[in-house]
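Report on the structure given below.
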Amino acid sequence: AINRQINLELYASYVYLSMSYYFDRDDVALKNFAKYFLHQSHEEREHAEKLMKLQNQRGGRIFLQDIKKPEYDDWESGLNAMECALHLEKSVNQSLLELHKLATDKNDPHLCDFIETHYLNEQVKSIKELGDHVTNLRKMGAPESGMAEYLFDKHTLGHSDNES
């Protein structure tokens, strides 16, 4: 079950990496979307590595699986990418909740504590942040208005560095 979660975290990292380099393209040129998704990619990879470290500490074995290709090569718009990211984070969250339930059923308080400490709050924050981004992009008229995504890139994502 932990190996399955490792694969899902690596898949999420791979999807975010794909998004990042899509927005970095010269014909898309939304550098703060690119930076935002690259940061998300690194976070997801760190989540996978934390689980791998846990697996080794507990004497388990890591069995890496193939990482599925992202659903899209062309993410179309900032809004579409944010909606896909929101869906992805909800899937990761659901998988973590199922892993937590399994740990509870198998009487594994250590794994429960690990998931609660390192993952669940962060997932809720990510889902809220992405939900806010989707809402604000829609309010601004994205994706029909290219100006909306440009301004969101510049003023919302461009300032998120200063806040975190």
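One is the number of the first residue shown, and numbering goes on along the chain from there.
Yeah, the Cβs are placed from backbone N, Cα and C, and that goes for glycine too.
The model shown is predicted, which means the values in this text are computed figures rather than measured ones.
Copied over from Swiss-Prot, here are the features:
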DOMAIN    1-141  domain 'Ferritin-like diiron'
BINDING   GLU9, GLU44, HIS47  Fe cation 1 binding site
BINDING   GLU44, GLU89, GLN123  Fe cation 2 binding site
MOD_RES   SER160  phosphoserine
MOD_RES   SER164  phosphoserine
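Mapped onto this structure are the features recorded in Swiss-Prot.
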residue : record                   : DSSP (3 states)
GLU9    : Fe cation 1 binding site : helix
GLU44   : Fe cation 1 binding site : helix
GLU89   : Fe cation 2 binding site : helix
GLN123  : Fe cation 2 binding site : helix
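Annotation for GLU44 (Fe cation 1 binding site): same-chain Cβ neighbours under 8 Å, separated by at least 6 residues, are GLU9, LEU10, ALA12, SER13, TYR16, VAL92.
Under DSSP, the residues of the domain 'Ferritin-like diiron' (1-141) split into helix, strand and coil as follows: 108 helix, 0 strand, 33 coil. For GLN123 (Fe cation 2 binding site), the same-chain residues 6+ apart in sequence whose C-beta sits under 8 angstroms from its C-beta are GLU89, VAL92, ASN93, LEU96. Less than 8 angstroms from the CB of HIS47 (Fe cation 1 binding site) sit GLU9, ALA12, HIS118, TYR119, each of them six or more residues away in the same chain.
If you draw a 10 Å sphere around the CB of GLU9 (Fe cation 1 binding site), it holds 24 other CB atoms from the protein chains shown.
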